[in-house]
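Encoded as structure tokens, the structure appears first; notes follow it.
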Amino acid sequence: MFLAKSIVCLALLAVANAQFDTNYASGRSGMVHLFEWKWDDIAAECENFLGPNGYAGVQVSPVNENAVKDSRPWWERYQPISYKLETRSGNEEQFASMVKRCNAVGVRTYVDVVFNHMAADGGTYGTGGSTASPSSKSYPGVPYSSLDFNPTCAISNYNDANEVRNCELVGLRDLNQGNSYVQDKVVEFLDHLIDLGVAGFRVDAAKHMWPADLAVIYGRLKNLNTDHGFASGSKAYIVQEVIDMGGEAISKSEYTGLGAITEFRHSDSIGKVFRGKDQLQYLTNWGTAWGFAASDRSLVFVDNHDNQRGHGAGGADVLTYKVPKQYKMASAFMLAHPFGTPRVMSSFSFTDTDQGPPTTDGHNIASPIFNSDNSCSGGWVCEHRWRQIYNMVAFRNTVGSDEIQNWWDNGSNQISFSRGSRGFVAFNNDNYDLNSSLQTGLPAGTYCDVISGSKSGSSCTGKTVTVGSDGRASIYIGSSEDDGVLAIHVNAKL
């Protein structure tokens, strides 16, 4: 059976190739994961912040009905009851309005979709009013019956690919994606989201599904909806959650022919570097030399909703909002470097790793509160609103596809490079000051450092950098400064 599935996978490869295109609007790059936000709040954020600040896309939490769990943990969203679009984030009408409003301001929507499994035992009723009996594998809201699932068995050996793909992940009832009826229901669900104007999908737990089955599902999806500004013939961008740190039976290379993958090695490696376990000088060959998938197959991130809580991969090396200086440096590097498709995390604060989003009453999600400096309160972290991050999204948009040039390092933890002649960044992760004359590659003039401040008319709210006629500038980053990074670009010239 595995050989037959492999043949099907290869046959559909040409169809899948269209799924590497992010479908971003021209001149934009980078997406943000607004984790557990409500649809109405995301729509407003697209219009008021994401669009004006150059973000290209927003990843949203699962949109379909999920099991209601005691204490309302975040992970209940990953326990489907049906494919009805009804969650704590809102209903179908609100979701459709959000997608339309975001598309109108150039921000594409990417849905976190869960179809590896259905809810585990205890998930008997859902956010949309549906009921289920997970113990008997009955989910009338779809409907699914026991005929649509793999036999009950637990995953205990990640060196056994059959077990990983055919058994149950932490008790979640494992759907059989090789079943034609299951394929029909999944395609129907995804096509409905495409009709509503989404640009792509993050496929949860892709590692736990056979690549050949995924190839069939992806190959059957309709083209994107041209009513939402997509080019005729466009296909949904597919990014698959495949945790591959090496040493297991399943490899990300089995999935990169079908779509992009979540490159967890990027998160692990960038955390080690900016935590000081590896030196910044070694970043000179950042990319596939570090064991990453190809650039157009890699969705890259500093942290995600799983590994910031110690789940997934990376462990204690993962950087989160709780170590803000290093987190901002790592995020700035990710956005300054051309490798991969970057995704910015936008979190809610937590002390308990099961803790759900802020609520008004223990159940209904609370809206973020916005402060005058663009930051959030009310339990929301909103890293995407940190100046050091959103200004680097603008940096990335400004430099476009220009190559890395003028690399410099001090043989330790101070580095700098330009992106052609359009942007320049410098980093200091040493315990002493960076104070050097460096080649920026930029035209002569005075520039606003978009890390310490922002350009405002003809002035700068932060540090300024003067570039000489030879392209060189005196760069200073004190080891005790709040930010260990400096960035200038041609659109920040004063």
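Just so you know, the numbers here start at 1 and follow the chain as drawn.
Here the Cβ of each residue, glycine as well, is placed from N, Cα and C on the backbone.
Per Swiss-Prot, the feature active site, nucleophile maps to Asp204; the stated evidence is similarity to another entry. Marked as Ca(2+) binding site by Swiss-Prot on the basis of similarity to another entry: Asn116, Arg165, Asp174, His208. Residues annotated as chloride binding site in Swiss-Prot: Arg202, Asn304, Arg343. Here Swiss-Prot flags Cys46-Cys102, Cys153-Cys167, Cys376-Cys382, Cys448-Cys460 as disulfide bond. Per Swiss-Prot, pyrrolidone carboxylic acid is recorded for Gln19, and the stated evidence type is similarity to another entry.
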Protein Cβ atoms within 10 Å of Cys167 (disulfide bond), excluding its own: 18
Disulfide-bonded residues compared (Cys153, Cys376, Cys382, Cys460) - highest count of Cβ atoms within 10 Å: Cys382
Collapsed DSSP category at Asn304 (chloride binding site): coil
For chloride: widest Cα to Cα gap among Arg202, Asn304, Arg343 in Å: 12
Cβ neighbour count within 10 Å of Cys102 (disulfide bond): 29
Rounded inter-Cα distance in Å - Cys376 (disulfide bond), His208 (Ca(2+) binding site): 36
Arg202, Asp204, Asn304, Cys382 screened against Asn116 (Ca(2+) binding site), Cα within 10 Å - retained recorded positions: Asp204
Which same-chain residues, if any, lie at least 6 apart from Cys448 (disulfide bond) yet have Cβ under 8 Å of it: Ser454, Lys455, Cys460, Thr461, Gly462, Lys463, Thr464, Ile488, Ala492, Lys493, Leu494
Remaining residues near the recorded chloride site, that is with C-beta within 8 Å of the centroid of the site residues Arg202, Asn304, Arg343: Met31, His33, Gln59, Asp112, Val239, Thr262, Leu299, Phe301, His305, Met345
Top Cα neighbour of Cys382 (disulfide bond) in the set of recorded positions Cys167, Arg202, His208: Arg202
Spatially closest candidate among Cys46, Cys102, Arg202, the listed recorded positions, to Arg165 (Ca(2+) binding site) (Cα to Cα): Arg202
Residue among recorded positions Gln19, Cys102, Cys167, Arg202, Arg343 with Cα closest to the Cα of His208 (Ca(2+) binding site): Cys167
Between Cys46 (disulfide bond) and Arg343 (chloride binding site): CA-CA distance (Å): 16
Close recorded positions near Asp174 (Ca(2+) binding site), where close means Cα within 10 Å, chosen from Cys153, Cys167, Asp204: Cys153, Cys167
